[in-house]
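The region 'Disordered' feature in Swiss-Prot is assigned to 33-73, 1029-1116. According to Swiss-Prot, the feature domain 'Peptidase S8' maps to 99-581. The active site, charge relay system annotation in Swiss-Prot covers ASP130, HIS193, SER512. Per Swiss-Prot, the feature compositional bias 'Basic and acidic residues' maps to 1029-1054, 1061-1073. According to Swiss-Prot, the feature repeat '1' maps to 1034-1050. What Swiss-Prot records for 1051-1067 is repeat '2'. The repeat '3' annotation in Swiss-Prot covers 1068-1084. The compositional bias 'Polar residues' annotation in Swiss-Prot covers 1075-1089. For 1110-1114, the entry in Swiss-Prot reads motif 'LPXTG sorting signal', with the evidence type sequence analysis.
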Amino acid sequence: MRKKQKLPFDKLAIALMSTSILLNAQSDIKANTVTEDTPAAEQAVETPQPTAVSEEVPSSKETKTPQTPDNAEETVADKANDLALQAPAKTADTPATSKATIRDLNDPSQVKTLQEKAGKGAGTVVAVIDAGFDKNHEAWRLTDKTKARYQSKEDLEKAKKEHGITYGEWVNDKVAYYHDYSKDGKTAVDQEHGTHVSGILSGNAPSETKEPYRLEGAMPEAQLLLMRVEIVNGLADYARNYAQAIRDAVNLGAKVINMSFGNAALAYANLPDETKKAFDYAKSKGVSIVTSAGNDSSFGGKTRLPLADHPDYGVVGTPAAADSTLTVASYSPDKQLTETATVKTADQQDKEMPVLSTNRFEPNKAYDYAYANRGMKEDDFKDVKGKIALIERGDIDFKDKIANAKKAGAVGVLIYDNQDKGFPIELPNVDQMPAAFISRKDGLLLKENPQKTITFNATPKVLPTASGTKLSRFSSWGLTADGNIKPDIAAPGQDILSSVANNKYAKLSGTSMSAPLVAGIMGLLQKQYEIQYPDMTPSERLDLAKKVLMSSATALYDEDEKAYFSPRQQGAGAVDAKKASAATMYVTDKDNTSSKVHLNNVSDKFEVTVTVHNKSDKPQELYYQATVQTDKVDGKHFALAPKALYETSWQKITIPANSSKQVTVPIDASRFSKDLLAQMKNGYFLEGFVRFKQDPKKEELMSIPYIGFRGDFGNLSALEKPIYDSKDGSSYYHEANSDAKDQLDGDGLQFYALKNNFTALTTESNPWTIIKAVKEGVENIEDIESSEITETIFAGTFAKQDDDSHYYIHRHANGKPYAAISPNGDGNRDYVQFQGTFLRNAKNLVAEVLDKEGNVVWTSEVTEQVVKNYNNDLASTLGSTRFEKTRWDGKDKDGKVVANGTYTYRVRYTPISSGAKEQHTDFDVIVDNTTLEVATSATFSTEDRRLTLASKPKTSQPIYRERIAYTYMDEDLPTTEYISPNEDGTFTLPEEAETMEGATVPLKMSDFTYVVEDMAGNITYTPVTKLLEGHSNKPEQDGSDQAPDKKPEAKPEQDGSGQTPDKKPETKPEKDSSGQTPGKTPQKGQPSRTLEKRSSKRALATKASARDQLPTTNDKDTNRLHLLKLVMTTFFFGLVAHIFKTKRQKETKK
């Protein structure tokens, strides 16, 4: 026999161990930093977000969760944080050609006008709370330090002493204070993010900078308080840390605090009291806290559209959800400062186009280029040697396109968009290869241009953007989990140039970049108001500044949809510092609480009442109207785009001097309700803006957003329906097997974390070999030598007789799943535990079990906080949560095993929205501990090696599997395989087994065991040698919990079949969805090789599946690196398992 190649298990184990050690080391370095461009339920600090680095081909089978139109191929920039850790891209040192600032060239928010009136922040202190900073950057500079609030370190120390602050260092005249509130004593790996954010707020680069234009923040002459905070000991501790930073910033004199980080979808109500008090303290002192809305788009993340049946798809979390904060969304203006390239067109005209480059091309050099299709095949690159490869976006990852071009001899890559009006995308750095991204329009021009040369210019210019004015697709939508209106306002956040570590500058994108601009504007506006309204208290000036800034914002209009972007996406609109500075009027709700109107639930007809405030000495005449709109629906999904319904007519109003007046606008959307309810059966938003002009033909003067919900928002379903109830076998995050819709595979050692996400009950499948070992006294499961493992599966699912790799839902005649357990302590289907995909945040989740009379026999502990499963991504959160506290092991309140019978397992929970009522979901669970009755004797034919049992097994539950197991030594591991019955019920026993190396092992009769399991998980195993002796099994030889000759004296109500145990019929197993009985496979007789894992001796340390180690409600602080370690670990185990499976399956088919 040919010697088979030995599988490198030892090498894999070494690689696995090394990987684990390295990842643990990296975990120690990075601590718990989770950035908002990698959205997380436990995320910490938001990093540049929407610069996608790879592309994926949409699955042709994806029917439930199509990709968003703007994100057709790329895996959104959830890898931006990883890119920050890669080798930096080469940048050409450009001598200073001008002392002009970036804002001199492009100022979409019109900050310069406000700076001229309020100064540039001299004498003011601003604070930035973030994950890390380069505290010695060249941009941290004061033009005139004699105007600074803190003239010296001694001044700072005096202020610290007054407020009992014993920590924090003076860095220089600009950075008056720096402290690490994380208390981990480590240097932040990510210094980019906080440095970039601080530069937008208060950067002040010197004229000697190597950049062509000088960075100047919104408040360049303000002093900085840099406060490092990141997750170290959990979210609650993290929130307390940034609360302490807020208090210190206020006490040290900060006028504004920027917080560009967040925890997606978390509710303000769940923050620690210390954090809420810190927000209130800042407000009382007139200190503005500005937060980023987040980069998590909406429910489903950036690659899925939310379902039209579930309108609560907002993901703005904390701290942005706090009412006292000013929460900022991101948009792209119609013009941008950008790198450029020039081409000579067919008519000999010079055409400039914007480019976003990674590893810049040599400036002012003419490059030849050649078209290379989508850069997938070798033939695409036949003409690119020594030239730039022009490649269309799509089909494969950007990095693969670049690598392919480099391999073909290209000197650079130009990738053009495959969709119109798309956003620029930062390409990955592949071996320092020059690469740049351009628009589709410019790419097609290059493709058709007869002169195939291009020149990259040294100096950036302001050019129109391909997208036009547009909300960033990554910017998080409201409402908040509490049901409040957020975000408040929008600012540019796409490709923003600012400072990064080591005296460098770079473009980053994200709401992180939008917030500090607004923070600077707020600081300047409050400075203006100190002079303009000296009699006001600081808190009154803060309140006025926030209302004026929101009122003067310009509502952004979607030219494609001919409607305004939703207030749940843009807030009040794009910030306009010039309008805010000049404003003498503003608009609020009728109670003068804020400059937004939350109507909560509305009917088809309702009214919007607002208050117009006039702070001038003259009466003001205005015209007003309201826009009415809702969500656009595409098929079964929200399109994340607005749908205009109608606009009211313009009306006239006069507001007396130094006074206010209310305006009421009647809305009637009844003519749209039939069509809208057909598209959104659970209700829909009716929203828009009440807009004011001094003349109907002139530009908008001010506006206020309003939001109402036509339906019952508070009582929308919080939980996705169970997967058992799905007609096509799919859920939002789960794509059904088209050939077997009821297939729900267990976890095993395969990493199904991104796959098994739906609402269901879980349980465990425990093989008889492990049950036997435990019964024989092995206390530590790691000491059990077996090729089989304990596996987490879904209640009501069963494998086939000869294939343990797939599980299928088995149903009763009424269609409900056959969820049955046998809580006898053997670890096999002993319990059920709840797993849910939550569509909304909820509170007070509890599981309880009711008997057939409706009496509660058991109640779980309460899970107080449940966060919606807004994404299915290892970098953020999974598409379902397993609740450890809901595990029911078949016992009552007193810890006694309940009687056999059918019970209702109920999960209760309440949405956290105002006015919500408790909801619940029920599952039927059968409990049955009845001992199996099996044959006590058998005969064996030596001629054909057939084993014939004296009788068929009997039980109160259908038989799941009846098999002959045999165990042999393969190297140092006992390996178990199974034999399925022949059509006549006999078993053909093999004479030998084959090892992984191809060696044969003779089998003795003592190697064989008869194993029977029913659908409740009761297992009995008997050595074949005992069957052949014709003797009844003794208790110590029998695998069941009781001796076969000592049947329990069951009362009628204790029998799961509804009959008394002494009158049990020969139960015929029910059939599963495939039309066959689970475990029964016709025309078998050959050995059915176990598909459990060859290397599970090493893997058994995990006991349960890898999936159960993922974050649960009791383990909410597991972060991205911990998930990465788990992925790597289970990947290696899965690889070994796959090799073993493949080998065994091939042998079985021989």
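Just so it is clear, glycine is given a Cβ too, placed from its N, Cα and C backbone atoms.
Features per Swiss-Prot, on structure.
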residue : record                           : Cβ within 10 Å
ASP130  : active site, charge relay system : 32
HIS193  : active site, charge relay system : 32
SER512  : active site, charge relay system : 36
For this session: State the mean pLDDT for the domain 'Peptidase S8' (99-581).
Result: 93
Seminar exercise, completed: Expressed in Å to no decimal places, the gap between the Cα atoms of HIS193 (active site, charge relay system) and SER512 (active site, charge relay system) is 8
Exercise. Do you know offhand how many angstrom separate SER512 (active site, charge relay system) and ASP130 (active site, charge relay system) by C-alpha?
Worked result: 10
Seminar exercise, completed: DSSP output for SER512 (active site, charge relay system) maps to helix
Problem set entry | Collapsed DSSP category at HIS193 (active site, charge relay system) | helix
Problem set entry | Conformational class of ASP130 (active site, charge relay system) under the three-state DSSP mapping | strand
